[in-house]
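Participant: Here it is: the structure, laid out below.
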Amino acid sequence: MQITTLVLMVLLPTLLGFLIILLGREGLSKKATCLIGVITTGITLIGSLILFGKSFILSEVLPKWNFTWIELNQKPIQFGFELQPLNVLMLIIVSTVSFLVHLYSYGYMKGDERFSVFYSYLALFTFSMLGLVISPNLLQIYIFWELVGVCSFLLVGFWYFKTEAKRAAKKAFIVTRIGDIGFFIAISLVFKEIGSFELKDLQIAIEQGSISSGMITLIAILLFVGAIGKSGQFPLHTWLPDAMEGPTPVSALIHAATMVAAGVFLVANTFWLFEAAPIALDVVAYVGGFTAIFAATIGIAQTDIKRILAYSTVSQLGYMMLALGSVGYIAGVFHLMTHAFFKALLFLAAGAVMIIFHHEQDIRKMGGLWKKNRVLTGLFLVGCLAITGIPPFSGFFSKDEILLAVYQDGRIGLLIVAIIAAFFTAFYMFRLFFTVFTGNTKQKGELGKVPRAMTFPMIVLALLSIVAGLVEVPTNSLSSWLMKGLAKPITTHESSIFIPVIAVLVSLLGMGLAYLIYGSKRISAKRITGTIPWLHQLLVRKYYIDELYRYLVIIPLKGIGWLLQIFDRVIIGGLVRLGGGIMQILGRMGTALQNGQAQTYALISVFGFVILIVSLLAGRILK
Amino acid sequence: MNLTSYLALAAILFCIGLYGVITKRNAVMVLFSIELMLNAVNINLVAFAKYGMVPNISGQVFTLFTIAIAAAEAAVGIAILLALYRNKGTAEADKYNSMKG
């Protein structure tokens, strides 16, 4: 099959699915809607798998394809696709998770009135995300980047009748927008420097040294600002936990596996740019490392099951950034892949837990699920073990790669931070696990049931979470494959024995501590928080970042907005009213003449005539 | 007699007619005044036909036309006036103000 046909096979079904569901939402039954969604994403998945097979197994170099969209000052602006190994890998991740989430949503959203709207948004999101990951130029990336942002906004605010959901949707949109401005400036700078949006041209320009190094650093950092917004890195992370107000399948698909990884993908996709700018790499590494530990500590004190997972996502994305910043290209991308699988699994399992507890999200009100649902417990445990990095689960291998990359890069401080973050990760994940699944059931009454449409996707994801590590270890096939997409090879890391040992020990320590506090309750959680209440409060309130933004940004901005509004009302509005008033007075004078008396009109005509004659005569005499 | 005196007479008649049209309250008087103005024009036509630069008969022929048309106009005007009188119950011209803007 032609490559273009295959790419169309990947892209078109979801777009068609979106249109069909959107146009047919009155007539289609829920089952038919779900079927359309599943079939279209299924075709997409098959297409991506074929591409993956061609690229990964048959080692074919897939061609890129372009057409000129418009010309600007004789500079063509192109559209097309690129199928480097990284792009193909992203295609696989997106289509797999999207397919499974489409299936899962049938069970999860069954009772919702706007079922078909939900599916149409999901389809649109999948299309946009697929378009994003195969874009060969920055402008196309930006277009799809904004499209996924819109879908995220729509889906976070899906239950718009809830005030929190509405607020969260707005927050998600506005906060990511701040990052997008950085991204936009970066794109503009690239166009100004080289007159093209193509990544290839930029790469060539950098190799030839036609851009000054200061400019490269600036562009790289601004691109990273875009990634910070999308991937929820430190200063702009606040939207991601709030985005959990959306339906859980959305959290799994968009806010765990795919869209939030777009920032990581962007940095990985322009990795040569960052390599050419060591300062930008430093920024990536430090922001990533700080986010990893920062979010992990917040995760400890949260009580909402989805928020814990959200902070865990922020922290894991920080890990990926840390890896990329430490020249661990493979490690970052590898972790992106494994994380997509196990975090999607965890979110879907959390959704199932919420179904069982009738949409309760507070873990303190849950418990004893182990006795009720062994399958779900097993699935959740797989997810926990994978994220904690216990061998032989996939998370172990990718996290090991990251720690190795950081170690080889020589920033020991960051290595220690990463290891401590791993400890916290293990602790909060197993705190969650023990609180929800062991102990006694705290809810009275009948517990909900998990539909089979929800269990199947979780099982698939659990299998992927277990085996995904095998693509890299022990054969190194993933890294050699990904390396083919890079212009110049990156030095691979010597494996070291003590890093994985330390990582596993630290994780086990975290698990053990979580068991002692929340599993066997040997140590009282209350006593610990009692001794350091201020620290606990600090973590519960997420380091007061939201409050800080409120007082530093939102309130001053509101003040400025208020002043501007006064200016608008009084001065601009006053001018407009003045103009209107003058015209109105003139009009009133005009209507006074129109009194309806034909005789008055005749008189006025006569006066006019006399004036005309007199002025004509005067003109003639004066001449 | 020369042209000027005829023209002066016509001008005086026209002004009297115009004055009547503008000031008379009774609509019938307004119509009469219009007739005056028309006839002032007729005098002009006849005067020019007799004492003009190129005297010929066509001025007088036009006058006959104008008289005929004036008769028709008077008939239509009085018919409209009757209709107005039936509708409004008055013949006062200043009561007819339905054109008021």
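Using N, Cα and C of the backbone, Cβ positions are placed for all residues, glycine too.
Checked TrEMBL, it gives:
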- A:35-57: transmembrane segment (TRANSMEM)
- A:69-119: domain 'NADH-Ubiquinone oxidoreductase (complex I) chain 5 N-terminal' (DOMAIN)
- A:118-135: transmembrane segment (TRANSMEM)
- A:135-425: domain 'NADH:quinone oxidoreductase/Mrp antiporter transmembrane' (DOMAIN)
- A:141-161: transmembrane segment (TRANSMEM)
- A:173-191: transmembrane segment (TRANSMEM)
- A:250-273: transmembrane segment (TRANSMEM)
- A:279-301: transmembrane segment (TRANSMEM)
- A:378-397: transmembrane segment (TRANSMEM)
- A:412-434: transmembrane segment (TRANSMEM)
- A:455-477: transmembrane segment (TRANSMEM)
- A:497-518: transmembrane segment (TRANSMEM)
- A:548-564: transmembrane segment (TRANSMEM)
- A:601-622: transmembrane segment (TRANSMEM)
Participant: Could you check whether the transmembrane segment (A:118-135) packs against the transmembrane segment (A:279-301) - three or more CB pairs closer than 8 Å, residues at least 6 apart in sequence?
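Facilitator: These two stretches do not touch.
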Participant: Using Cβ atoms and a strict cutoff of less than 8 Å, what residues sit near the transmembrane segment (A:173-191) while being 6 or more residues removed from its termini?
Facilitator: 138-139, 142, 145-146, 149-150, 152-153, 197, 202, 215, 218-220, 222-230, 236, 238-239, 263, 266
Participant: On average, what pLDDT score does this prediction assign to the domain 'NADH-Ubiquinone oxidoreductase (complex I) chain 5 N-terminal' (A:69-119)?
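Facilitator: Mean pLDDT for the domain 'NADH-Ubiquinone oxidoreductase (complex I) chain 5 N-terminal' (A:69-119): 88.
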Participant: Under a Cβ pair cut-off of under 8 Å, which of the recorded stretches A:279-301, A:455-477, A:601-622 contacts the transmembrane segment (A:412-434) most often?
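Facilitator: It is A:279-301, which has the most Cβ pairs under 8 Å.
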Participant: State the non-local partners of the transmembrane segment (A:601-622) in its own chain: residues 6+ outside its ends, Cβ under 8 Å from one of its Cβ atoms.
Facilitator: 593
Participant: Which bits of the chain, at least 6 residues beyond where the transmembrane segment (A:279-301) starts or stops, bring a Cβ under 8 A of a Cβ in it?
Facilitator: 216-217, 220-221, 224, 228, 232-234, 237, 267, 273, 308, 311-312, 314-327, 406, 409, 411, 414, 417-418, 420-421, 424-425, 427-428, 431, 536, 539-540, 542-543
